[in-house]
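Record features, source Swiss-Prot:
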- 1-58: transit peptide (TRANSIT)
- 86-109: region 'Disordered' (REGION)
- His232, His330: substrate binding site (BINDING)
- Asp249, Asp260, Glu389: divalent metal cation 1 binding site (BINDING)
- Asp260, His323, Glu355, Glu389: divalent metal cation 2 binding site (BINDING)
Amino acid sequence: MNKILKNIINKSSINNVFKTSFNGGISSSSSSSSSYLNNNNNIIKSYNVQQKQQQRYYSSFEDDLSPKKLKEKILENETEEIRDFVRSQRLTKKTASPLEGMNRKERRKMTTKLYRNPDNLIRGGIVSPQPLIPAHIKKPKYVLGEPVIDFEIDDPIEIHTAESIEHMRVVGKMAKEVLEYAGTLVRPGITTDEIDKLVHQNIIDRGAYPSPLGYKGFPKSICTSINEVLCHGIPDDRPLEFGDIVKIDVTLYYNGYHGDTCATFPVGEIDSSSKRLIEATEKALYAAIGEVKDGALFNKIGKKIQLVANKYSLSVTPEFTGHGIGQLFHTAPFVFQCANEFDSVMKEGMIFTIEPVLVESTSPYAEWKMWDDKWTVSSREGGWSAQFEHTILVTKDGYEILTK
């Protein structure tokens, strides 16, 4: 195993780099007790409403472009070892095809596109209080107060039993149906908070629990990431605008198991670049799924995603990964969404997510930043991103998509 990776994987800060939370990784490492279930009243305690109902700060267009400012704003949990690892992935690992990036014409065209009016960049809105959970809904242990245990890259990968697989089929089908419902709500003028509330009720009506709600303090039932926001966007009162694209990530907990899926939806008519971005990302997902089979190396997934990204002159994000899933929301393995040389082997009965995020950028590896809500991750350049995700079962003859 890569020595640098071994060093960083044992640090608690690894949760802030690789995907141990939903949508590809980065999250707050502390779990707020205010997010746990109030057993007496059978509701989730709301965050301090006064604290939450204020404008969240975002600054893609402020003066953090200077090297000095950038250095000062490096995430507190992003250690030098982590940055060294990312550099090693970018510079020293063999890749699916040469990472020459864009040619001069492509780079000039992309640079012109990225330096657009900063007023078009996404600003955080007001986040409403957490929704209530009825007493009869079964909650995951982390909502009841049990700490989340972060997994490590060399942890054993679960081989699911026939009974477990059947549970995963049921919750996977539910997640698929809820995501489809969420997609029907997307239109100009609706807020992501309104979408969250409607989806939340749809999940509750099925007797399921929205896995993100209360996970390490996340305040909502789904993730909604608009335009240049890569992942973990918190639903708020910003209305969707004509021409936006929005990533909706849905995870359900039902009968003790989690099912996870995500898709990118257009808001009204979108431009050709956005259509191309969505098309490329969905192709990357299915190209990667095609590599899944008993005995295959996990690194084939990342290499295939990177091949598609290179073909479309789009960027990948090494820090965001897929993950194992089952009775736990996130578990081994790490499923890297970029070219890598890790040699873990897929085996029949394993279940994990594949969830590429492709980004418009002038570099093969997109730079990102985190908002002060400690969840929302956006492109530093302002390039838009798309994401698609499925939960996959390794079968004797290949794979089964549990969320399709």
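In case you wondered, yes, glycine gets a Cβ from its N, Cα and C as well.
As the structure is a computational prediction, the values presented were derived from the model and not from experiment.
Shown here: features listed in Swiss-Prot, placed on the structure.
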| residue | record | DSSP class |
| --- | --- | --- |
| His232 | substrate binding site | coil |
| Asp249 | divalent metal cation 1 binding site | strand |
| Asp260 | divalent metal cation 1 binding site | strand |
| His323 | divalent metal cation 2 binding site | strand |
| His330 | substrate binding site | coil |
| Glu355 | divalent metal cation 2 binding site | coil |
| Glu389 | divalent metal cation 1 binding site | strand |
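Listed binding-site residues: Asp249, Asp260, Glu355, Glu389. The one with the lowest count of other Cβ atoms within 10 Å of its Cβ is Asp249. Listed binding-site residues: His232, His323, His330. The one with the lowest count of other Cβ atoms within 10 Å of its Cβ is His323.
Candidates His232, His323, His330, Glu355 (binding-site residues) were compared with Glu389 (divalent metal cation 1 binding site); those inside 10 Å Cα-Cα are Glu355.
A straight line from the CA of Asp249 (divalent metal cation 1 binding site) to the CA of His232 (substrate binding site) spans 8 Å. Between His232 (substrate binding site) and Glu355 (divalent metal cation 2 binding site), the C-alpha separation comes to 13 Å.
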